[in-house]
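Colleague: Quick one: the structure is below, and I'll ask about it shortly.
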Amino acid sequence: MAIDEDKQKAISLAIKQIDKVFGKGALVRLGDKQVEKIDAISTGSLGLDLALGIGGVPKGRIIEIYGPESSGKTTLSLHIIAECQKNGGVCAFIDAEHALDVYYAKRLGVDTENLLVSQPSTGEEALEILETITRSGGIDLVVVDSVAALTPKAEIDGDMGDQHVGLQARLMSHALRKITGVLHKMNTTLIFINQIRMKIGMMGYGSPETTTGGNALKFYASVRIDIRRIASLKQNEQHIGNRAKAKVVKNKVAPPFREAEFDIMFGEGISKEGEIIDYGVKLDIVDKSGAWLSYQDKKLGQGRENAKALLKEDKALADEITLKIKESIGSNEEIMPLPDEPLEEME
């Protein structure tokens, strides 16, 4: 429908005035501007990249990764850092918990020599550092570990029994209001790692769990990922890792509520080879005959762990199978679910 000529002139004049005050591009017609594809940073997990709908976590947005203790939150975040660095990105890790394991980060592929690290004393200090490095325009990804450890200065300076109701929530709300627009402008991704707490006096319907830091992060986050440990992985009666499930509970860039399962191996992180086997079998790309797994005419190994070991050594073969999986899933509207039962016994 055609717009009235007088209205067109009035709007054009207003746009010129706005551009003069706030800079060119402050107000544009969508028809005059090409819609850009949302870029993403891989999570290091094939299944989670697919579940997120765009191949990873979106750039220039706020991401929240939360779950119980030892569920894989920091491991997943370190994998995202490693993937970002592989593509030439500059990353920062704000270690509010003062618990970053540098040697473990190296094992996951993080370039620790070029990783910017801060261990702030207070929540205010952490968020000031976050704002400063983001406004610099030279950073691609910042991880804050964790929201629960962003302790306000008033609480640190006060006595042990003092009450500081809502102080951390107000701190987070203020920081997010300031930083959200800057993140978009600088195309910087911000990941908050968060913990869960039980709601006091929770009765009736609804989840008894909540995350720390108030409600602001729930609103400002474009993506929220709930990660949980669902099983232990054993080999020869020895615990070698955990099976984790990640659910995308909020997604502003693709359909939400998709899930992914993957192995987190002790000392190694997310097993990409395990996901290749799981999706390969589900999509009939990898053949499973009894305990034996094979791809085309090549035997991958007897048992899942042996097949994983072979794919870990043969990167070219792993990449070839991964490509076939992506091509197969890409032809479908829905993400292919993982097998209903794991390929090897877990507990």
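Glycine is no exception: its Cβ is also placed from the backbone N, Cα and C atoms.
The feature ATP binding site is assigned by Swiss-Prot to GLY67, PRO68, GLU69, SER70, SER71, GLY72, LYS73, THR74.
How buried are the listed features, and what sits near them?
Modeller: For the recorded site, THR74 (ATP binding site), the DSSP three-state label reads helix.
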Colleague: Pick the one among the binding-site residues SER70, SER71, THR74 whose Cβ has the fewest other Cβ atoms within 10 Å in this structure.
Modeller: SER70
Colleague: I want to check the contact list for GLY72 (ATP binding site): same chain, sequence separation of six or more, C-beta distance under 8 angstroms. What comes out?
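Modeller: In sequence order, ILE227, ARG229, ASN242, ALA244, ALA246, ILE264, ILE270 meet the Cβ cut-off.
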Colleague: Using a 10 Å cut-off, grab the number of neighbouring Cβ atoms around the Cβ of GLU69 (ATP binding site), all chains included.
Modeller: 8
Colleague: Just going by other Cβ atoms within 10 Å, which of the binding-site residues GLY67, PRO68 has the emptiest spot?
Modeller: PRO68
Colleague: Check the DSSP secondary structure of GLY67 (ATP binding site), expressed as helix, strand or coil.
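Modeller: Note: GLY67 (ATP binding site) is in a strand by DSSP.
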Colleague: Please work out the number of neighbouring Cβ atoms within 10 Å of the Cβ of LYS73 (ATP binding site), leaving out its own Cβ.
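Modeller: A 10 Å sphere around the Cβ of LYS73 (ATP binding site) contains 25 other Cβ atoms.
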